[in-house]
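Colleague: Got a structure for you, questions after.
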Amino acid sequence: MAVRPTRRCLLALLLCFAWWAMAVVASKQGAGCPSRCLCFRTTVRCMHLLLEAVPAVAPQTSILDLRFNRIREIQPGAFRRLRSLNTLLLNNNQIKKIPNGAFEDLENLKYLYLYKNEIQSIDRQAFKGLASLEQLYLHFNQIETLDPESFQHLPKLERLFLHNNRITHLVPGTFSQLESMKRLRLDSNALHCDCEILWLADLLKTYAQSGNAQAAATCEYPRRIQGRSVATITPEELNCERPRITSEPQDADVTSGNTVYFTCRAEGNPKPEIIWLRNNNELSMKTDSRLNLLDDGTLMIQNTQEADEGVYQCMAKNVAGEAKTQEVTLRYLGSPARPTFVIQPQNTEVLVGESVTLECSATGHPLPQITWTRGDRTPLPIDPRVNITPSGGLYIQNVAQSDSGEYTCFASNSVDSIHATAFIIVQALPQFTVTPQSRVVIEGQTVDFQCAAKGHPQPVIAWTKGGSQLSVDRRHLVLSSGTLRISGVALHDQGQYECQAVNIIGSQKVVAHLTVQPRVTPVFASIPSDMTVEVGTNVQLPCSSQGEPEPAITWNKDGVQVTESGKFHISPEGFLTINDVGTADAGRYECVARNTIGYASVSMVLSVNVPDVSRNGDPYVATSIVEAIATVDRAINSTRTHLFDSRPRSPNDLLALFRYPRDPYTVGQARAGEIFERTLQLIQEHVQHGLMVDLNGTSYHYNDLVSPQYLSLIANLSGCTAHRRVNNCSDMCFHQKYRTHDGTCNNLQHPMWGASLTAFERLLKAVYENGFNTPRGINSQRQYNGHVLPMPRLVSTTLIGTEVITPDEQFTHMLMQWGQFLDHDLDSTVVALSQARFSDGQHCSSVCSNDPPCFSVMIPPNDPRVRSGARCMFFVRSSPVCGSGMTSLLMNSVYPREQINQLTSYIDASNVYGSTDHEARSIRDLASHRGLLRQGIVQRSGKPLLPFATGPPTECMRDENESPIPCFLAGDHRANEQLGLTSMHTLWFREHNRIAAELLKLNPHWDGDTVYHETRKIVGAEIQHITYRHWLPKILGEVGMKMLGEYRGYDPSVNAGIFNAFATAAFRFGHTLINPLLYRLDENFEPIPQGHVPLHKAFFSPFRIVNEGGIDPLLRGLFGVAGKMRIPSQLLNTELTERLFSMAHTVALDLAAINIQRGRDHGIPPYHDYRVYCNLSAAYTFEDLKNEIKSPVIREKLQRLYGSTLNIDLFPALMVEDLVPGSRLGPTLMCLLSTQFRRLRDGDRLWYENPGVFSPAQLTQLKQTSLARILCDNSDNITRVQQDVFRVAEFPHGYSSCEDIPRVDLRVWQDCCEDCRTRGQFNAFSYHFRGRRSLEFSYEDDKPTKRARWRKALSVKHGKHLSNATSATHEHLEGPATNDLKEFVLEMQKIITDLRKQINSLESRLSTTECVDDSGESHGGNTKWKKDPCTVCECKNGQITCFVEACQPAACPQPVKVEGACCPVCLKNTAEEKP
């Protein structure tokens, strides 16, 4: 019992000790951690606590986080003794001023965050003591001025952010002490760019040249250079004027204690700063109170002393330059004086063998002693020729060449020693350094004779021919280097040429001979002949030629030029080798020999025999196609699940969603092509395994893989055959007037030309490694012309990406935007449906392989993105056209792989209406029967936005933090790519509905289909007119428009299809016109409150239109802001190469690298082949490119990347070509674009200028179209625009009221007819009777000839009244030619025969009492029924008679068609619903 109390006592004692320990710990924590703050080790976080002052923290604190409080000021010493502090976060407070000593004792602070406060001023010594500071963030404050000494105490500062403040001016030298600077941001300030800011421009240029630092600063004022980078500003633009001296000082003698004045006045812009020099050293007025600089620049020296004696000079200096006065001397009269020069030696020229004297004398007390040395301070040689005169001069007799050089005169006494230097320039006889060589050239060429010489003085080069003066004409030119250039050499130019080097000493001469050979047109030395070969063999077609100059040999197959590839090889002499011949290679081959004199051609026919034998792959067909269907479908389904079941997770997902086809037919066609090619790949692998050979080697022939009958079987099972379209162009009433949505039947002879979902055309034959489907560069080790191809990403970072842009002084950003909008009317490549490789289903971005369909863009080892762990960028190949890549459309041969254009090639507003009937129906408002397009939400302006797309989560809902607004729905699925493009789609959707409503008012008898198609026709014509009359002339320039030529009418032999190189490389030049910022401007052309949008934030962001002001601010930012100038050294801004589709924690894409990779994927031949195609000179060395790419820096980069000119990819080469004056294109790019746009125009039967498409009155009105008018009519509230919105104009003087912009008068589309109630209805009772007349002959000028009218009258007389009972009709027969009687008689006989058949049919039907209508339904005699709401039919005596109800004019302005009613009615509440 005694033990228990003891235990209780012990227990109580332990409890007391525990409580005491806890109290001690708590007290220690309380002392170091402020109330309500979170403290962990040396980190203190006091966020969102409404603090108004800096709390006290422990001295060992390394991170102090005071964000999101209400701190208004920082007291000096607030952080005293926090010497361990490394990071200080004070952003998002209310600090207004940074006082001196605010950060005392923070010598180890590295990171200081002060952004998003209300800071207005910073004291001069505010950051003193921050010797370790590396990063300082002051952006988003209210700073207006900066003291130049504010940052001089920060030797280690690497990053300084000052953007989004109110800084207008910067004092020179503000950042000059920041030697460690790597990133400086001054953008989004109100910088006034005048002469005072040129020091900053020089600093930014220094940063850019060194490459060690990045900086951003843009001008806000004056308006004419608003948005320009400060680095691009020049003194000339700002009218800066160098100083000029207006009053000079004079020599002065003074005694001790007096005052002396040296006068100096200067003028300049800006006002020059006056600086005084004494003995070439700047005087400091601060260190000597006796020195004063007066307001007018005069130097006043008070209480003169002996130390003031010397040579004075005034220097006037400003940002544009400097000027100096003459030197004046201040002599101090008194005790011992230092030496001063009375006469200084001067530079002297002397002839060899003559004598020379350099004078030198000085004064001082005591009298100075004169001595001489050479310039390097070595004593003069002991030479009897060299003497010093009694006055101190240096005298040299019989001067030799070795006497040339620098000499120094020293004047010394007991007080001081001074010296002066001069040169003796010994003049010598000329000596040649470059001598001309004899040349043999061909008549008409240009020849250079190089000649250069040296001597003293520099000799002059003079040329003679045979001792006589050269002809005085433009052909003979002596360049400044001394080279003689003879242009267009003629036979009489042959002879001896003398180069003479002449100076005052004498002359030298050297001769060279010119031999001129006459020009000779190409003559064939060997020619090919018709040949028949077996499939799978290699064949060589001989062709060689002779001529002067030596001809170049090219080959064409069926009109398309052949290029070097795995399939074709052209030897140096011109022989064409075709590897692995298949039936696809059969055809006509033409060998063309060209030189500057002319050309010659010869052709042959190659026939290919296909022996009926089994092939190695036949046994594997069945199993391979089953496996191919399974693997392809599995990969596609996996991709669809990944993309459509959740939000986009990465830029890869965004790109895939953006490009993924939505039309079921497109998906089916792409799937079939993938299955077909995958099947043959599997067969190839089986054969390779069975034969144990390398099928990738050149010895294996693909045409031996599978026999033709099995290729047809694979085509059927894969779905290729099922997806062949059968075109029906029989409805000529429609096709003669309107376009189909898919582009078919435009060319009636070739209905598929230019249609959607067809293969791109080719200017040159495709280039694949294996000749069929393997891209160049897929094997990174394979050499081309002795060099491996560079990675596309390396080309992008080395050659294309740029952070510096130059504003276009002529054209607005709308020039770029129209180009992109137009491009989306012309082409869209169908990419692979799967993001995973077919072999094992792994995602392409994770495996970084080239297994189909993957073709990853590899990242070079030294790329900045390697740090994030990325090895590649996502990329999948484009889907092949069914039957290409492995087989022909006949499914019996191997054809090179071709790609699918998802759009119609014609300029037909397919981006507004869609390229298939399925797409067109999805965007039409079919319910209203008014011919309108569907509309979305209506804004405050009363105008609607585009409708929202429906379906699974889309690319527009990529970020949960942004507004969950889905994508807009338009005719092209890329409408949401960026906000500027979305605004253009909105404009044209509104334009359709505006025109449709107007046409329906003018023609209330038209049904919805008529209104829709007439409006679509007008909108397409407007886009054509804007493109060819307003946009193309600015892109092509005068030279390019001449290449395009005038419109001469429709040519059915021209294929208007888009050629592959245009879509894949050439028209992507527009990427170089894109600004990194989308500007948003209000009605006063000032930034809207939400600000501008960086490009990487403008992708897939429709919520910014819905929630942030609509389309008007974006449109003003397009036509009210200068575009990006296309400069070969400033191509794609880094928003496109480094932040494309960027998302958090992911690797963004690179548009330039994607463009290059896509070109290789599509088998686009190298740049050199297109040069030859465009009749530019062949370029076999990089020096040969100097005429088109003048920059030696760019040529050196190309050589470093590609090694050979024959390897250069087309896209980067087109981008770096120098612009043809007056255009925005280089010569090769101009050739390609003018070719494509000429084909688009001339090969379009329904081109708006083609006679008969529109009436003359309608065409006149259409030519009033302008994009300015479209903006005025369809924006929310834009009231002022330029007449030409593509050209830069100054607001408001260069802008016009919308009332002054010409408009299209739609009244010329009003029907003038007696039968209007049915004339405009597609499905009306009389459509088949009156259709063709109303479509073709609505206007007086369009009426046919007399005989044609008689034939039509006959057709009406005998055909119309019988067509109720017959199915045959003759309205579509072509009329006989006026002079062709035989043809006329034959046609009449045919009409009579058909009429007899109709009569017989009518008689048989009249014999019965029942009637059978057009749908095959029987009706009893004397019965009536409604065929449609407006038509009542009656069966009487076996004859059907129908009556159409006539509609009375409606009593309201906007009648509505109600389902089931014939005529439009007025709703009772129509007036009440009006706003």
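Keep in mind that glycine also has a Cβ here, set from the backbone N, Cα and C atoms.
Swiss-Prot lists D823, E977, H1071 with the feature heme b binding site, giving sequence analysis as the kind of evidence. Look at Swiss-Prot and you will find 189-241 tagged as domain 'LRRCT'. The domain 'Ig-like C2-type 4' annotation in Swiss-Prot covers 518-607 and rests on sequence analysis. Marked as domain 'VWFC' by Swiss-Prot on the basis of sequence analysis: 1409-1467. The phosphotyrosine annotation in Swiss-Prot covers Y1173, and the record cites similarity to another entry as its basis. Under the heading phosphoserine, Swiss-Prot lists S1177. Taken from Swiss-Prot, the feature repeat 'LRR 6' applies to 179-201.
If you look at the structure here, what lies around each of the features I listed?
Modeller: Look at H1071 (heme b binding site): DSSP puts it in a helix.
A mean pLDDT of 72 is what the model gives for the domain 'VWFC' (1409-1467).
The DSSP secondary structure for Y1173 (phosphotyrosine) is helix. Neighbour density for Y1173 (phosphotyrosine): within 10 A of its CB lie 19 other CB atoms from the protein chains shown.
Applying an 8 A CB threshold to same-chain residues 6+ apart, the list for S1177 (phosphoserine) reads R1171, D1184, N1187.
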Colleague: For E977 (heme b binding site), what is the tally of other C-beta atoms lying within 10 angstroms of its C-beta?
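Modeller: So the Cβ neighbour count for E977 (heme b binding site) comes to 19.
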Colleague: From the centroid of the CB atoms of D823, E977, H1071, the recorded heme b site, which same-chain residues not already listed sit within 8 A by their CB, in sequence order?
Modeller: G819, Q820, H824, R974, L981, R1068, G1070
Colleague: Expressed to the nearest Å, what is the distance separating D823 (heme b binding site) and Y1173 (phosphotyrosine) at their Cα atoms?
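Modeller: The separation of the Cα atoms works out to 23 Å.
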Colleague: List the Cα distance (Å, whole number) between Y1173 (phosphotyrosine) and H1071 (heme b binding site).
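Modeller: Cα of Y1173 (phosphotyrosine) to Cα of H1071 (heme b binding site) measures 24 Å after rounding.
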Colleague: So, three-state DSSP: helix, strand or coil for D823 (heme b binding site)?
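Modeller: DSSP assigns D823 (heme b binding site) to helix.
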Colleague: What is the Cβ neighbour count of H1071 (heme b binding site) at a 10 Å cut-off, with all protein chains included?
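Modeller: There are 21 such Cβ atoms around H1071 (heme b binding site).
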Colleague: Taking the Cβ of D823 (heme b binding site) as the centre, how many other Cβ atoms fall within a 10 Å radius?
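Modeller: A count of 20.
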Colleague: Using DSSP with the three-state reduction, classify E977 (heme b binding site) as helix, strand or coil.
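Modeller: E977 (heme b binding site) sits in coil per DSSP, no helix or strand.
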